[in-house]
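**Q** Questions regarding the structure given below will be posed in turn.
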């Protein structure tokens with residue numbers, strides 16, 4: 001048995017992306033846009049099939065009418081909320097909206113039933129539409145890879161990602177949630193891929209062979225320098241950093257020769273490695289991902305490999321981790337943990353993993369206040385930037401009002417005061433500043449200088465806020481991963497619950513708290529990211545082959561573990577502690593939940 005791991009390395013921030021990489025990223029972006037267009041056409045064709053049946057068409061007309069009515073009522077309710085300054089306004093439209101939405105839900109259910117009744121009859125037509133979509137996707141391969149310059153592995157990766165997105169959207173729609181593929185503008189970001197194909201007679205794709213630039217089987221696709229882990233583990237930190245500064249060479253599509261033929265292209269990527277794959281790892285692929293951070297582009301490389309299983313861990317305590325977010329003196333509590341044995345928390349993590357008992361068997365996981373403070377500071381910088389945008393907009397509108405419309409640099413529509421008044425994004429003003437910097441409009445040297453001065457100041461604020469916020473959030477993510485690595489290193493089993501953080505957060509929107517308070521709570525929850533903590537813990541446990549048990553979240557807060565009484569579902573759980581109706585004692589819902597999680601996990605593993 002094997003398990004799949006992805007080892008990520010950061011690309012040097014001063015690396016200048018070659019034009020060949022930009023070309024491949026743009027082709028991958030265009031491919032995704034074409035796939036989205038094909039999916040739109042496929043959905044329209046399927047809808048046309050269902051609409052061809054009179055019973056379904058009649059229900060679709062009813063759904064459209066009710067949907068329009070619900071939108072009108074929702075707008076009225078929104079206006080009343082603003083006018084009455086409450087989340088629950090007193091107005092007839094509120095009841096009408098609830099009734100209309102109920103009718104809309106029933107009409108959609110009736111439409112699904114009508115579709116189900118004619119599905120067998122429409123099977124052949126649907127199969128034809130599906131075959132046409134598959135043929136169109138194959139034609140895209142010929143256009144982009146056979147006749148074009150896109151690398152085939154990147155095509156496969158984009159197509160796989162697209163199919164995954166389509167499945168996710170179908171699952172959301174099945175649950176009654178709105179979901180739709182969308183087109184995206186090109187912003188210089190994306191991912192290219194390399195796949196290492198292996199025949200049965202080929203040698204194993206070990207790190208040593210992939211690192212061999214002279215005789216390696218796959219040297220024409222990927223070269224990743226490698227140090228044996230036995231040697232790596234003996235190095236000190238400085239030696240590891242020096243040995244980890246390497247250049248990865250990977251295939252990056254093709255270029256077109258003057259005679260029309262194609263030539264394979266490679267790129268050299270400087271990275272910083274922090275760990276090495278085992279000697280018996282089987283490397284299958286590599287991905288170079290470019291993301292935007294402010295005005296800059298940052299890149300990372302991920303190496304995908306299969307690693308032989310070493311067998312599940314069967315020693316160590318069982319640790320239950322219950323998610324939740326509450327404010328504390330030291331930060332935001334994102335989870336409560338309980339262990340069946342005492343834990344010796346490392347000194348470096350004692351500010352994040354706290355203990356609440358002398359036995360060191362229960363405690364909390366805290367995101368320190370300093371992370372939230374850093375994010376808040378950079379949000380303040382971003383707000384100053386927004387105010388500066390308002391000022392430059394007013395200045396430009398006043399100038400255009402006085403001097404009249406100006407010709408667009410390459411579009412037929414002129415730049416008018418009315419159109420600029422609608423501009424919201426800073427990038428539009430920055431674009432105009434760059435256009436007028438070298439060729440200002442007639443009598444517009446002053447406004448061109450004003451725009452350029454604003455652009456320079458805005459770029460500085462943009463970089464400061466985006467890079468600062470990114471560093472703060474990466475600090476939080478690193479703390480989550482350190483906590484996850486520690487728990488996976490000491491636990492014999494990890495227990496988590498299946499709480500839906502998004503659903504809980506959505507429910508919180510309907511609270512009676514003031515809107516500003518709700519926003520502050522939501523902002524702190526997003527910064528603390530309890531869902532990311534759970535994902536990190538599960539990923540670390542999977543990596544280290546620690547058994548993981550997921551228990552139901554139902555009743556974890558309502559049931560008092562000490563007496564077993566299940567309290568009613570009301571608003572008492574928003575505050576700590578909670579009064580139990582069964583025994584009359586108060587209890588901490590989070591601590592009680594961890595006891596219940598251990599009990600449920602024990603029952604599940606014993607069956």
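Here the Cβ of each residue, glycine as well, is placed from N, Cα and C on the backbone.
Here Swiss-Prot flags 560, 563, 580, 583 as Zn(2+) binding site, drawing on similarity to another entry. The Mg(2+) binding site annotation in Swiss-Prot covers 590. Swiss-Prot lists 74-83 with the feature compositional bias 'Basic and acidic residues'. Residues annotated as region 'Wedge domain (WED-N)' in Swiss-Prot: 1-16. The region 'Recognition domain (REC)' annotation in Swiss-Prot covers 17-189 and rests on experimental evidence. Per Swiss-Prot, region 'Roof in REC' is recorded for 50-124. Swiss-Prot lists 74-94 with the feature region 'Disordered'. The annotation region 'Wedge domain (WED-C)' is assigned in Swiss-Prot to 190-315 on the grounds of experimental evidence. Here Swiss-Prot flags 316-559 as region 'RuvC-I', drawing on experimental evidence. Swiss-Prot lists 391-452 with the feature region 'RuvC insertion', giving experimental evidence as the kind of evidence. Residues annotated as region 'Target nucleic-acid binding (TNB)' in Swiss-Prot, with similarity to another entry given as evidence: 552-588. What Swiss-Prot records for 589-607 is region 'RuvC-II'.
Can you tell me where each of these features sits in the structure?
**A** Residue 580 (Zn(2+) binding site) carries neither a helix nor a strand DSSP state and counts as coil.
On its own chain, residue 590 (Mg(2+) binding site) has 322, 324, 326, 336, 364, 576 as residues at least 6 apart in sequence with a Cβ closer than 8 Å to its own Cβ.
Panel annotation: around the compositional bias 'Basic and acidic residues' (74-83), residues 89, 91, 93-94, 97 of the same chain, lying at least six beyond its termini, place a Cβ under 8 Å from a Cβ of the stretch.
Outside the region 'Wedge domain (WED-N)' (1-16), and at least 6 residues removed from its termini, the chain residues within Cβ reach (under 8 Å) are 244, 248, 269-275, 277, 281-282, 288, 296, 298-309, 542-543, 545.
For the region 'Wedge domain (WED-C)' (190-315), the model's pLDDT averages out at 93.
With DSSP states grouped into helix (H, G, I), strand (E, B) and coil, the region 'Target nucleic-acid binding (TNB)' (552-588) comes out at 4 helix, 6 strand, 27 coil.
Long-range Cβ contacts of the region 'RuvC-II' (589-607) within its own chain (Cβ-Cβ under 8 Å, at least 6 residues beyond either end) map to 318, 320-322, 324, 326, 336-338, 340, 356, 362, 364, 493, 495-497, 549, 551-552, 555-557, 559-562, 573, 576-578.
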**Q** What are the other residues, in sequence order, whose C-beta lies within 8 angstroms of the center of the C-beta atoms of 560, 563, 580, 583 at the Zn(2+) site?
**A** 562, 564, 565, 581, 582, 584, 585, 587
**Q** Should anything in the same chain at least six residues away from the region 'Target nucleic-acid binding (TNB)' (552-588) have a Cβ under 8 Å from its Cβ atoms, list it; otherwise answer none.
**A** 322, 326, 497-499, 595-597, 599-600
**Q** What counts of helix, strand and coil residues does DSSP assign across the region 'RuvC-II' (589-607)?
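**A** Helix, strand, coil within the region 'RuvC-II' (589-607): 18 helix, 0 strand, 1 coil.
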**Q** So what sits near residue 560 (Zn(2+) binding site) in its own chain, CB-to-CB under 8 Å and at least six residues off in sequence?
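**A** Same-chain residues close to residue 560 (Zn(2+) binding site) (Cβ under 8 Å, separated by 6 or more) are 566, 567, 580, 582, 583, 585, 587, 592.
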**Q** How many neighbouring Cβ atoms, not counting its own, are there within 10 Å of the Cβ of residue 580 (Zn(2+) binding site)?
**A** 22
